[in-house]
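Novice: My questions all concern the structure below.
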Amino acid sequence: MNFGGASPSGLRPPVSSASPSGSNNTTTGRPQLWTPSSQRKVSRLYLYTTLSLDKIMAVVHAKSPDPVPGIESANKKLNSLLNKQPRWLHPRNEEDMGRRLDELALSPTRTTSSWNSINSQARIPNNSIPSLNQNPTPHLMRNNGISPTLEVPPFNQFPTQQHTPNRSVPLQQARAAPNQQQNNDGVFQRFLRSTSFMSASTDCTTGTLHRLLNDYSDAYVKSVKRLVKRYTAPINYRGASLSPISDDEPSHSTWMNDSDSPPPLPNGPDHLPGDFLLLDELSGQQPPCFEETEQHIKKSCLCRPNEEIQEPAWVTVHGVSNGVHRMLQYSKDGIKVEDRDPFGNTILHLMAARGLILNDYLFQALLLSPSPHILNAQNTAGQTLLHVLHRSWFYNETFLCELLRSLAQRNFDFGARDHYGRSFSHILLARDVSPDMRNFFLQVCQYNSNCTKRDAFNVTPTLAEPTPGINRAHTQAMDLDPPVPASVPEEDGDIEPYHVSAVTQEARLLQFIGKASLESHLEDSEGRNGLHCLAAATLSKSSVLHKHGLDEQGEPSDRPRRKDRAPKDLDSCTERYNLRLSLLEGLLEADADPNHYDIHGYTPLMAFAAQLPEDDDYKVGGKILHKLVEAGADINARNRSGETALHVAVRCGRKLAVKQLVEDGASVHARDAAGRSVLDVADIKMKSLGGQDTEQYAHLEACRAWLSGQTGKAVQNPTVMQEWGVTMA
């Protein structure tokens, strides 16, 4: 439960399920007003339908013999599940509702949950992975070689047979509200058709709902019925007992060590827009790909680009387009350099990417002195023409040096970084060029600070110091340090008790922030700058005590605090939030880098998106994220697992952060290293929840529902063009 605002560094499992709103029936025999199931249904109906809260309560408790909570209790429960002022999460109209339902129907995880609920009589043993086929494909089986994050099954795991429409619905019921059906039913038809395999068990039982929702069309009522009964939460009821909890140390799974996070990219980024300029050559080099392979499941192969990238793209799997051949023709005015391809590449990108065969074209184009906005243009992954250079350029360092000199004469921005924080100096390391070549580049770029910054893969280029007889370009090609723990232990002779060490670490964070406001380039032992540390810092005593499970004397306490007795000065309160904003402004004024990567591959924007509390103040957190973007934070920067800040926010259930990031221009179509969209991430996180964690379920469902609506416009399965194509204003 996200109790407060301690601004924790990650997600914590619920301390106890014995709360008034989530417990089992009390020993007195009095029926509980709110069961975990009813709470999840209320959340789902509020987030996916336009029903008013009183209608939602009527639907949820339509057949319940127990007392129904009143509207005041319902409002309190809604605020406890979705926090303050949740109105913005509610669909604005039926079109918004229809879009959310359509994307929900495309979810492999949720569709599996729906199908399994229909066939619940055929229970699957607890020690196996649910599968609809008798012979599941290998990637659906748990084994040590496959990450559990890849459990989202492909579409070939779902029933493909067509079912005949259910004819058991009374004729008068089918004709209910004819005017509304004619005008509004269209927005639900796609959802109803995509879920037709479950109609036999739902359409014949909608009589009660028709009476409760007599002002709504038949299609609307059917959609509500299927949402309640078939799109249940894909939660893991065994999740709470998967591992024992130590008595000495609180269970604390940090957002950086999340078991549901995608695996790191082992060989750097997969195919970026610069690679699409060489799609025909790369496709010819790729060995045969099969649907069952992990590479295909993770969408790191070229199958999707080969199929989806068509003209007017400049290069397809079949080769360079006729339009590009015409563009390369000389005229009295020279080569036209203003045009861009669908991924933001210029003709200079194309010339650089196609190899030395076009080197004369590239040098000729540079002689035309293209304007700075063309010369320094970056595609949709932040790549300049140097980022996309064909590998043949690195075999001929004479040509490469000549190109760098020519660019330097035209004030090229050598410090430009792509979405993984890589400048051209990082590319040189990856290409195994000679130490002299690396040093030459640093001289040409006049030791631009961006050329020696850490990237997402923990690579920090420096001046090469060659050893006689050893080519350090081979021995230190990537300089990628092995993964380190999220918290680096201090080298003390005596090990402090957990609660003492935790409080000490909190104090050190605050001390470091003070130092970083004076020296912005300072890093701590994890490579974090002052901005990272501010995101992780706890600013109130009450939040420190709550975060680490301590009593007022700072000693471990095994008595969970009642929610109605929570202190008012937690980090989530407006006063503490304003303090955090003020400290942020001070760090930015001191020139703290908003795009700095720590040794784990995270930027400050990702750290804030993961850790800003949302249970009290609902305005200042968005201002903090917006302030970072205004200061130059790359909103679509990626970590070494391909996640953007939006992926991280969804994974942590930070709905307000999701909203602010989208408003500031975050791509809702990005995929991570496991090939997962932001909607996939919400699904897989819900699947790992325990049955009692109703609040975290509501937060994840809120992220998913809002993103898939008319404002967020996310889709379950973004195409290559959606992920990397130029977004039209």
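All positions are counted from 1 along the displayed chain.
Cβ atoms are placed via backbone N, Cα and C, with glycine included.
No curator has checked TrEMBL annotations; they are predicted automatically.
Marked as compositional bias 'Polar residues' by TrEMBL: 16-36, 157-171. Per TrEMBL, the feature compositional bias 'Low complexity' maps to 172-182. The region 'Disordered' feature in TrEMBL is assigned to 1-36, 108-135, 150-182, 238-273, 548-571. TrEMBL lists 600-640, 641-673 with the feature repeat 'ANK'.
Looking at the shown structure, can you explain where the listed features end up?
Specialist: Counting same-chain residues at least six beyond the ends of the repeat 'ANK' (600-640), those with a Cβ under 8 angstroms from any Cβ of the stretch are 2-10, 83-85, 255-256, 264-265, 269, 382, 417, 419-421, 456-458, 483-484, 486, 526-529, 531-532, 534-536, 570-574, 577-578, 580-581, 584-585, 588, 592, 594, 646, 648-649, 651-652, 654-657, 659-661, 663-667, 670, 699.
For the repeat 'ANK' (641-673), the model's pLDDT averages out at 98.
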Novice: I'd like the per-state residue tally for the repeat 'ANK' (600-640) from DSSP, helix first, then strand, then coil.
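Specialist: The repeat 'ANK' (600-640) comes out at 19 helix, 0 strand, 22 coil.
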Novice: Across the repeat 'ANK' (641-673), what are the DSSP residue counts per state (helix, strand, coil)?
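Specialist: The composition, in the requested order, is 16 helix, 0 strand, 17 coil.
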